[in-house]
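Student: Input: one structure, supplied below.
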Amino acid sequence: MGLLSDPNRRRALISLLTRLNTPICVVCYMAGVAWFMGLAFEPFTLRTYMSENAMGSTMVEERFPAGERALATGREFAAHKKRAGGMPVDWLIFWAKDIIFLVNEHDLIGMQAWLEGYHHTNTTGMDWSPLQGRGGSIQAALSLELSSDVVTSLDLVLEGLNGQLPNLDLANLFYAFCQKIGVLCTIQGKLQRNDWDSVSGYSHAVKTMMLMVMKQASGRPWGDHGLFLRYHIEAATIKGVNSFRQYKTDTTTIGRLLEGMYRKLNNLLERLHQSYFFYLMPSLSHFVSIGYYMPAFGLLFVWFRLHVKIMTFGIAQSSPGVLSVLTPLVISHLTGVALYTLPIRFQEMAGEHFPVSETEAVVLTAIAVYTAGLALPHNTHRFLSGEGTEQGWRVLKLVAVLYLAVLLGCTALINFSLGFILALTLVPVAAFVTPHIPKVLSAFILVVLSPACTLLFSVFFFQELQEMPISFLEGWLLYLSVISQGILDHSLYGSLVYPLIALLVYPCWLLFWNILFWK
């Protein structure tokens, strides 16, 4: 207490921390990255286990014998659909009993319309027809995607809208029955490996975990199940994969697996809640809980707390004009509002006056507004308050750092993967930017670490993780489609990633851009 109450000692402590600020920042940043990369190492993870007592391994017996009959039923459904010119509704409402068999059109759009009709909600403004009946509260859902009669393995998809994940027990249930019945199962399209102590085994686990991180950070639903999670329905997608392996799984075996899972879920007296809702999975047999991965994010924020204390002490002796800080803050956010609203508003106008499609118009408008934003807030503090002062940029940076800390912290609580990726790029920006560093090199680094470039790098990184490398032109086209898909997901399903980037992350980055060119 004496150290903090004595002005001379406090000044000496602040001076010491100021000199060590950069080394502490670098060490904490590297420690956070190292901690996160170490999470894929099997001894640092937890083995999956069933938390719900009602879903014990010996409580059901699978008796499904009708694999050929299931194929015949599928062919019969295709014939009825062709004859009706759409969904053969009358032929399907006979299946609805304790289990609702749902066959939807138009992929996610059809699923979203059914969910809104079933729950009598209208969260996306989508039109839907009234349902003829309801089956009560839905506890769990399994989406089955089979692209071929031949199945070599089953892949589990967990990532849902806005990074939501189902209760871990649902994944544990799938893995337990695959092990029991002898079905080859994967997650992120990757098989289980036992050589965790080798370099290749660790690299395999890292790729699997990072694929989950990238998918979760995108905020988009990676299957029909992803739309159920917002209604507090635990759901997952099971994809049948035909990879031309020698190992084949017949329809009867798949039927036994689904029967066993549904029987287990039928034993539940309440919703799945015993296990984790926040986790990462380097494999189907191991997981990383929130208590293990949050310290990696926290290490990135140690510098924030230190930096805020130093800057608060540095500006305590004088107070710059309010307008010198308020002006760039307001204009940066107005730019973000333009980035959020103009692409949708200009899509029809651009399509009428230029030879581009509506999708291209949305993407090009978003890029144009984003690029123009680099010039709009530039030295905006001078318009209303004259020349900027030394204390002015310090106060602005203090506001920007606090803003960034709150923004990333709240994002990580909702979607850890998105918050961590943003922290990896924005924390270095907040650490080094001042008006006194070389402008050209620093501006280049800021642009490289901006949200738009982070998305571009993520596109190429995701393809590398999938072992499907692409050329720069292919990556650029994929980058443009990702932007349009993000805006479309927000409009159709209520994805929050695009408004988060446009209205909060981008304006926050513009504050640091304005600090760099402060005069």
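Residue numbering: from 1, along the chain as shown.
Just so it is clear, glycine is given a Cβ too, placed from its N, Cα and C backbone atoms.
TrEMBL annotations: computationally assigned, not manually curated.
Here's the feature list from TrEMBL:
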TRANSMEM  20-41  transmembrane segment
TRANSMEM  276-302  transmembrane segment
TRANSMEM  322-340  transmembrane segment
TRANSMEM  400-433  transmembrane segment
TRANSMEM  440-462  transmembrane segment
TRANSMEM  495-516  transmembrane segment
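Set these features in their place in the structure for me.
Tutor: Here the transmembrane segment (20-41) has Cβ contacts under 8 Å with residues 196, 202, 205-206, 208-209, 280, 282, 288, 292-293, 295-300, 302-303, 306-307, 310, 420, 424, 427-428, 431 of the same chain, all six or more residues outside its ends.
Counting residues 6+ beyond its ends, the transmembrane segment (276-302) has Cβ neighbours under 8 Å at 24, 28-29, 31-33, 35-36, 39-40, 42, 44-48, 156, 158, 165-168, 171, 174-175, 178, 185-187, 192-193, 205-206, 208-209, 212-213, 405, 408-409, 412, 416-417, 419-420, 423-424, 427 in the same chain.
Within its own chain, the transmembrane segment (440-462) has Cβ neighbours under 8 Å at 211, 214, 217, 367, 370, 374, 421-422, 425-426, 428-429, 432-433, 470, 475, 478-479, 482-483, 501, 505-506, 509, 512-513, 516-517, counting only residues six or more beyond its boundaries.
Proximity of distant same-chain residues to the transmembrane segment (495-516), defined by a Cβ-Cβ separation under 8 Å and at least 6 residues beyond the stretch ends, is recorded for 161-162, 218-220, 328-329, 332-333, 335-337, 339-340, 370, 373-374, 377-381, 393, 396-397, 399-400, 403-404, 407, 411, 418, 422, 426, 429-430, 433-435, 437, 439, 442-443, 446, 450-451, 486-487, 489.
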